[in-house]
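Report on one structure; see the data block that follows.
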Amino acid sequence: MLPVFSKLSETFLQREPWSKFQVSSLRHLKDIFPEVMMKTRIPSAEKGGNNIFACLQAFDKRCRSINLGQRVLSSLSSNFMVFILEEFSHRCTQTRKGNSILQSNLLDAHQPHRRLHAYMCTEPQGISDLDSTSSNLNDESHGTQLAPSSDYSVPKDDFILKNASMIQKILKYHGNSCELGSALDQNCFSVTEDLVLEVLRRHRSDWKLALSFFNWASGQQGYSHGSRTYNEMFDILGRMKQIKIMRQMFTEIPPKNCGSIVNEKTFAILMNRYAASHKVRDAIDIFFNRKEHGLELDLSAFQTLLASLCRYKHVEEAESLFLEKQLEFPPVIKSRNIILNGWCVLGSLREVKRFWNDIITSGCKPDLYTYGIFINSLTKAGKLATAVKLFSAMWTKGCNPDVTICNCIIDALCFKKKIPDALLIFEKMNERGCLPDVATYNSLIKHICKIRRMEKAYELLDEMEEKGCTPNARTYTYFFKTMKNHEEVVAMVSRMKRNGCKIDGDTYNLILNLYVRWGNQQGILSVWMEMERSGLGPDQRSYTVMIHGLHSQGKLDEAERYYIEMQSKGLIPEPRTRLLIKAIELKRKNE
């Protein structure tokens, strides 16, 4: 057992009276280690201190005798560990003696074991199976040592990750309570832009906690937010539809720092988020405000605005703006392609043909991207024969299609269940020097998996790896959708790690959905905790999967609990989820 734990208990257990949380934490310890504490009486919250102190002393002694070692602290709940750290920090700031105890305890703990700091950042075993990063962190934390001098031998990035993990646990425990600031202050974190970015990244799905930490960090001595942290916060707020807060934060940037904070990426994020929230006028206005921040109204930025508007289906407004500003911004083919692609995304073949004819009559020569957009529109509209005819004509005219156009035709043929024709074009691509990319393989694998020709699908996956065409998360997603048991998931996750492919949020939610469907509680817990650790969730989709999955299994109380937790994080439930919860409440009333 760690020497630090004995001294730690002596230090923080002197404070009375004992709260219900402290007593319940000890009961939690007893639940985890019944073989250690089966004969230990847990005192009440009113009586206290001495009995609890004796309880932990007996616990420590028993742990030594049965050699539980590091399993003890790593198995404690994150809330209990945060509490220990806060209590110990409080005691150590009261006297010089406390400070010396802290230093000696850390030095003692470092000889045979990891630091207490490392325990706060280590996830339970089994979670790391879902992401190589987790296992790397655990391995590094085992090897962390404190040098004889004040300098640490651990790389700076490792400290950032561990501090971010500690902060994440503190934020999760305290939420947006008034005690959050003091809890963060007590730990004396060295706040840097890299640390703030890492913490924000882990809370992309919880804008309230992200904003609370952002505001706390801005008040730390010797630190001020830079462009990267502001841009990350703008993006989080925008994605969570907190447009008013995003706008207010932008306008409140100190004028003296505005030049160093506001950059091209800032405006790209703001325009994108305004367009996503259907605030077209605001998106256009923010573009023309660039001059106020020392940025030029150039063609590249104008094309970014057009792309943002078209991405969120404001194509008519984008085309009107394009025509209106032709004198200021030359109507080059790239700008026209953005508008053409916007109409294509909307699925309006009539508008695509109209704008295509406008391009031809304007004397602006179409490029490969223009052809690709037009062919894509034809395939989406079910005009596959016309698309294939135009595709073949490109070869004969010497305007050889690129891999993107080939992918479009292959995907369309597969969609129409003409997989042999798609494989034929796939072979011709190699013959004519047009090498297939990840998207090519994904199109084939996607549709081959749908018809359950798994032998051919795995053959293509092997071919990708042999040719150095690294599969991405989407590639593996198609395989996950066909899986029937936990062992297949583990094998594919292992293959992903071997190929250096990180799991994204969509893949996490897909695996979560599989485990919910199979009723695999351990798998659900592992995925949930790994999403929290990686900052990729749990998001709205994760909670939706859990709520509907639990409801289908008859676990109505748990479904309601996830719904309440979802709302507390500021995540907006889908309409079907609201209806489901109302149905549960109505059923209870009728009972």
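Every residue, even glycine, has its Cβ placed from backbone N, Cα and C.
Annotated repeat 'PPR' per TrEMBL: 367-401 (among others), in sequence order. Residue counts for the repeat 'PPR' (367-401) under DSSP, split into helix (H, G, I), strand (E, B) and coil, are 26 helix, 0 strand, 9 coil.
Annotation comment: TrEMBL describes 402-436 (among others) as repeat 'PPR'. With DSSP classes pooled into helix, strand and coil, the tally for the repeat 'PPR' (402-436) is 26 helix, 0 strand, 9 coil.
Here TrEMBL flags 437-471 (among others) as repeat 'PPR'. Here the repeat 'PPR' (437-471) has a mean pLDDT of 94 out of 100.
As annotated by TrEMBL, repeat 'PPR' applies to 504-538 (among others).
Residues or ranges marked as repeat 'PPR' in TrEMBL: 539-573 (among others). The residues of the repeat 'PPR' (539-573), classed with DSSP into helix (H, G, I), strand (E, B) and coil, number 26 helix, 0 strand, 9 coil.
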Non-local residues, at least 6 beyond the ends, that sit with Cβ under 8 Å of the repeat 'PPR' (367-401):
333, 336-337, 340-341, 343-344, 347, 349, 352, 356, 359, 408-409, 411-413, 416, 432, 434
Tally the residues of the repeat 'PPR' (437-471) by DSSP class, grouping H, G and I as helix, E and B as strand, and everything else as coil.
26 helix, 0 strand, 9 coil
